Amino acid sequence: MTNPLLTSFSLPPFSAIKPEHVVPAVTKALADCRAAVEGVVAHGAPYSWENLCQPLAEADDVLGRIFSPISHLNSVKNSPELREAYEQTLPLLSEYSTWVGQHEGLYNAYRDLRDGDHYATLNTAQKKAVDNALRDFELSGIGLPKEKQQRYGEIATRLSELGNQYSNNVLDATMGWTKLITDEAELAGMPESALAAAKAQAEAKEQEGYLLTLDIPSYLPVMTYCDNQALREEMYRAYSTRASDQGPNAGKWDNSPVMEEILALRHELAQLLGFENYAHESLATKMAENPQQVLDFLTDLAKRARPQGEKELAQLRAFAKAEFGVEELQPWDIAYYSEKQKQHLYSISDEQLRPYFPENKAVNGLFEVVKRIYGITAKERTDVDVWHPEVRFFELYDENNELRGSFYLDLYAREHKRGGAWMDDCVGQMRKADGTLQKPVAYLTCNFNRPVNGKPALFTHDEVITLFHEFGHGLHHMLTRIETAGVSGISGVPWDAVELPSQFMENWCWEPEALAFISGHYETGEPLPKELLDKMLAAKNYQAALFILRQLEFGLFDFRLHAEFNPQQGAKILETLFEIKKQVAVVPSPTWGRFPHAFSHIFAGGYAAGYYSYLWADVLAADAYSRFEEEGIFNRETGQSFLDNILTRGGSEEPMELFKRFRGREPQLDAMLEHYGIKG
């Protein structure tokens, strides 16, 4: 039987991939990669792009194209068999990457290339790829004595296993709690859309009534609208203690020891490489220059946002007391009374907006925005093999009708699919040795409610923003003009700059001119009425300071956890969290809350000592967008400038240089504060 992963495919043969194909395919690809490395090294100096970088890039590309659908399926269609196969590949991949990173011969080949005459003939992107490779050798311990190199490899392998274990615990804990409600009165206050979804969940399990889960589309409406305080508290407790030693499943999928070990190993790794701690190591590949700069940035922002956050909370407390006689707000009351206050102040709720954002309007509206700014058109293809019938596939064409890239769109929450929204690369753009250009392919994944009762999927405005955000990442990957592996698309882009294109795209969701075609009532097609639009815009910065303070809490917690780690004392995870809450949080939270235990961004994602990137990129995005505000939000020339200077350049140059080329100067904080309505 042929292994579909080992056939030559332009797009992954999803329906044919089975768990038993995974390990053999990855093993074969890794063997080919090793052979490519040995072949290149045996060739000997002098080295050129063609005899060194190109053959390695092609071998790596095959590996990436095999592993990408495996990793993706593990996220969107998890099963015990696939999970086990995926887990078996992690140590193999980690071991390979350490082997390459510590390969003396290969390191010397790259140094020979950089120090030789050929380097001057390379283009900007190629030079950057070579420089990055040399930097990565340093960060893989190339200069260390043998026993330390071996320890580096052990740590790297263990960390990849731990990150995966952490993720599995969060997924299992999230799926491990459900509640069936048979008496509809217990769900008083809940919007029709949430009730329909909960009913559909129950029916899918052949149960009568309403099934609630800890997936965001199920959890949020309960916290926001359900009048039943006891139910809100029960769900809040279950959600905020996932994968921990507390709550309804205490100890069952506990991430405490996993986090402790992850932090200790990261610290040891950083010190092996000569860094003071993991925060220093993390910044070696980022835009920010040193830990102090990051801490100053976060602390300064906290100082500016805190007074306004305190005021916002005081107003909420006063409102809950005056209107509902509530003496003390509990954590599970915040979202509920905030929604009531928002209604009271602006007479608008997310649910009122839902009918105006049916899926086809939101998706086609997004495409229209992209067409107006960049001259890019999306065309759907229905002949592509996908992992679930609901997944769609699109190609992007520019004004010369050239295919620039394509993407899979997977919008709805499902069982066995991890929560959240993300963009990932399926295929990266690169010029092959035979002269052909391989075009980029992306995965865009969200977790929205699917269509029920014959109505189309109806999105909240927040979900529309999420869709635009992920598509911003997608454009960065798909519209790249760089043809060099490793620095095309999102590859090689520093983590604190990678959120710029995504946060930048969100702005159009607030522009009346864009909302005119992003919205349209699912029954009548009429766009968002002016009265609702005005209310929505008025409510835009409702509790903005509280939002920023929450992001600052996450950012400071992550950064200080890594920067202040002391092996003698252990990780001090909860102590650090409580200390930071004292500094920035204004909303009280219970001591039994276990937020870190499901903070996948930093324990199982790429945001370790890097969560500050969201706020950092927010400054860049708001400032970049202010140029559109000055010159016109659909100004094609401004769009072209953003495309030429930022989106198409991938990781081929330093982000600050690219930003300055677009903006004509360094970024300034004012636009972001103004954007959130914060009087700094």
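Glycine too: its Cβ is placed from the backbone N, Cα and C atoms.
According to Swiss-Prot, the feature Zn(2+) binding site maps to His469, His473, His476. Annotation source Swiss-Prot lists active site at Glu470, citing sequence analysis.
Around the Cβ of His469 (Zn(2+) binding site), 21 further Cβ atoms fall within 10 Å across all displayed protein chains.
His476 (Zn(2+) binding site) counts 29 other C-beta atoms within 10 Å of its own C-beta, drawing on all protein chains shown.
Note: the CA-CA distance between Glu470 (active site) and His476 (Zn(2+) binding site) rounds to 10 Å. For His473 (Zn(2+) binding site), the same-chain residues 6+ apart in sequence whose C-beta sits under 8 angstroms from its C-beta are Met423, Ala442, Leu444, Ile490, Val498, Pro501, Ser502. Same-chain residues with CB within 8 A of the center of the His469, His473, His476 CB atoms, the Zn(2+) site residues themselves not counted, are Met423, Glu470, Phe471, Gly472, Gly474, Leu475, His477, Val498, Glu499, Pro501, Ser502, Met505. Residue environment of the residue listed as 'active site' contains 24 other Cβ atoms, counted within 10 Å of its Cβ in all protein chains.
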